[in-house]
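Novice: Sharing a structure with you now.
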Amino acid sequence: MLTPALSNQGSYRGRFAPSPSGPLHFGSLVAALGSFLAAKSQQGKWLVRIEDIDTPRVVQGADSDILHTLEAYGLHWDETVVYQSQRHSIYQDVQNHLQSQGLVYACQCTRKEIKQRGGFYDNHCRALNLPFANNALRLRQNFPVDSFTDQIQGQVHIPRNIAWEDYIIKRRDGLYAYQLVVVLDDIDQHITHVVRGADLLEPTARQLGLFKQLKHTAPRYAHLPLVVTEPGLKLSKQNHAPAIDKQNPIPATLAALRFLGLLPPKDLNSADIEDILKWAIASFSLQKISKVAEKPLSDAY
Ligand SMILES: [Zn+2]
């Protein structure tokens, strides 16, 4: 018979979920490595999901480039890679389910109108019974979450207007919104732990509410400090972060490990990537990670 401790082994299921809008940069490497090490240090599974729901932002070939880069960095995933673009019928089923409960309504407010009314959506269309076709769809917020405990950030408080918003689950252009699909994917893939960048703290509150609405246990969340190029400026595809080097994964990996609070010994500089990751799995702890980046990227890497 398994002891309780052993039966828990392998039950951890984490994931890395890049959007294929460009190559991996140092910030996405930190998120990939952080989620990988968190899973592997708990003898867990690490899954990869390509978040290609926002089709206008998808760059042709970026998905395979991302997967090849992960392989070059020794970040080997478990189970088949999931693509959101192939899961439309799952999202549709849940939309129908929410709709049948009277939880979904159409909204035709433009960004400009919302801005003129004070910058926050004010339930303007809740009772208007607008047609669903060619309008955005909003979910009635019955489970607002205004604070939660994060494994790195501690107690997180969310502004009331964000916590209570009837947010959009399907856009006017017919595309499902990130808020909806990310929760459905995490449920479907039995994700137990989410490790990702701190730019997603506010979406996490909405996602926690949606797990409640759908009567599913939410994963535990750990939000990593953001990589900044200078104070306050996040490294991202939008500000043209350079791609990490597929041919030479070790310098970026060692820098990412230091960013995650680890101190790789000098002799690892000449080790191969698999040995570096073995050392990192054995050394990793969420407790070693600081809430915010201590220095900008230019000093760290
Ligand atoms: Zn509206």
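Using N, Cα and C of the backbone, Cβ positions are placed for all residues, glycine too.
Taken from TrEMBL, the feature domain 'Glutamyl/glutaminyl-tRNA synthetase class Ib catalytic' applies to 13-294. As annotated by TrEMBL, L-glutamate binding site applies to Arg15, Phe16, Ala17, Pro18, Ser19, Glu51, Tyr178, Arg196. The annotation motif ''HIGH' region' is assigned in TrEMBL to 18-28. Per TrEMBL, Zn(2+) binding site is recorded for Cys107, Cys109, Tyr121, Cys125. As annotated by TrEMBL, motif ''KMSKS' region' applies to 234-238.
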Novice: Taking each of Cys107, Cys109, Tyr121, Cys125 in turn, which of these binding-site residues have a Cα lying within 10 angstroms of the Cα of Ala17 (L-glutamate binding site)?
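Specialist: Of everything listed, nothing lies within 10 Å of Ala17 (L-glutamate binding site) (Cα to Cα).
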Novice: Can you tell me which parts of the same chain pack against the motif ''HIGH' region' (18-28), counting only residues 6+ beyond its ends and a CB-CB cutoff under 8 A?
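Specialist: The answer is 48, 50-52, 54, 57-59, 62-63, 65-66, 69-70, 197, 226-227, 234-237, 241-244, 252, 255-256, 297, 301.
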Novice: What are the DSSP helix/strand/coil residue counts across the motif ''HIGH' region' (18-28)?
Specialist: 3 helix, 1 strand, 7 coil
Novice: Would you mind listing, in sequence order, the residues at least six apart from Glu51 (L-glutamate binding site) in the same chain with a Cβ closer than 8 Å to its Cβ?
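Specialist: The list for Glu51 (L-glutamate binding site) reads Ala17, Pro18, Ser19, Pro20, Gln84, Tyr178, Val181, Val182, given in order along the sequence.
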Novice: Excluding Arg15, Phe16, Ala17, Pro18, Ser19, Glu51, Tyr178, Arg196 themselves, which residues in that chain have a Cβ inside 8 Å of the centre of the Cβ atoms defining the L-glutamate site?
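Specialist: What remains near the Cβ centre is Arg49, Ile50, Val182.
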Novice: Mind looking up the mean pLDDT for the motif ''KMSKS' region' (234-238) in the predicted model?
Specialist: 71
Novice: Please list residues from the chain of Arg196 (L-glutamate binding site) whose Cβ is under 8 angstroms from its Cβ, counting only those at least six apart in sequence.
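Specialist: The list for Arg196 (L-glutamate binding site) reads Ala17, Ala31, Gly34, Ser35, Tyr221, Ala222, His223, Leu224, given in order along the sequence.
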Novice: Calculate the distance in Å between the alpha carbons (Cα) of Arg15 (L-glutamate binding site) and Tyr121 (Zn(2+) binding site), and round it to a whole number.
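Specialist: Taking the Cα atoms only, Arg15 (L-glutamate binding site) lies 32 Å from Tyr121 (Zn(2+) binding site).
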